[in-house]
Amino acid sequence: MADDGLSVALRFALYLDLMLVFGVALFGLQALRPEDRAAAIARRYVRVIVVSVAAGIVLSLWSVLVMAKAMTGAAEYAELTRHVFGMILTATAFGLAWTVRMVALAACLSAVAVLRRRPTARFAVLAALGATALATLTWSGHGAMDDGARGVLHAASDIAHLLAAGAWVGALAAFVLLSSARQMSAPGAVAMLSRASNGFAGLGTVIVATLAVTGVANYLFIVGPTVDGLITTAYGGLLLAKLALVALMLGLAAANRFRLSPRLAAAVRSADEAGAVRVLRASLVTEACIGVLILGLVAWLGGLSPAGA
């Protein structure tokens, strides 16, 4: 039971961590103007990405230890041999995905150093490498449960779902930093927040649509065309809880886009910004907290069998 809990915790930490790597980089590329990508807030985003990359490497090393112990049935980590790790890394889909992830994360650190004077290229490369690292988590859960053509379609759907979720989570983190009291003291910061909020609207729509389509597809791949067991099984109950939180998160996102962002834009024009920023920041923080809860449920669901659901 302790190992099961550790697996869930590691899965959750990797989801959150790699979504930050990808999503914050994508936000810097998509929501910031070229001249803003060299500003102080962009440098804060890069620091967040670097810390997340380092954490992702540590978490990935830990996860392969836990996987090796689970696969061999070893009582202690000291019992694991080099042969066991070699077998996992070269002869399993999990191991191959893990290797790709580690290469992508190491490349992120190189990109930060090499492209430090080319901020747009740096965000683009970090977003691509972050997407690669995040996509590898498909082979740590239900996304790898099928074979053949069905397996390819299921993996593709799961990857799209992960990337859409990562874009959303990373954007929330970026918005929270952008709306922080520390950032708001900088000249032109409120106008930058307003531009970014309006500029993200189109991508936000794509994210929501992708999550909806791939969410339904993943349910059909995992459970099938049935709702039996949604009330009577642990998997079904957690899935319903996740859907309820997603609905709440969508409501907050809609309020941000259609009410709070226009209010902020109007406040910028009238030079009466403090109240609008405060309300938007509170909504963003609440939405981010709900997103973290959803990731916790997803990590838990990833370790449960949907049988009977």
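Glycine is treated like the rest: Cβ placed from N, Cα and C.
Here TrEMBL flags 12-32, 44-65, 85-114, 121-139, 159-178, 199-222, 234-258, 279-301 as transmembrane segment. The annotation domain 'Copper resistance protein D' is assigned in TrEMBL to 195-301.
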Cβ contacts under 8 Å made by the transmembrane segment (199-222) with residues that lie 6+ beyond its boundaries: 27, 30-31, 142-143, 145-146, 150, 153-154, 157-158, 160-161, 163-165, 167-168, 171, 175, 239, 246, 250, 253, 257, 261, 306
Long-range Cβ neighbours of the transmembrane segment (279-301) (under 8 Å; 6 or more residues past either end): 8-9, 11-12, 15-16, 19, 165, 168-169, 172-173, 175-176, 179-180, 193, 197, 235, 238-239, 241-242, 245-246, 248-249, 252-253, 255-256, 260-261, 263-264
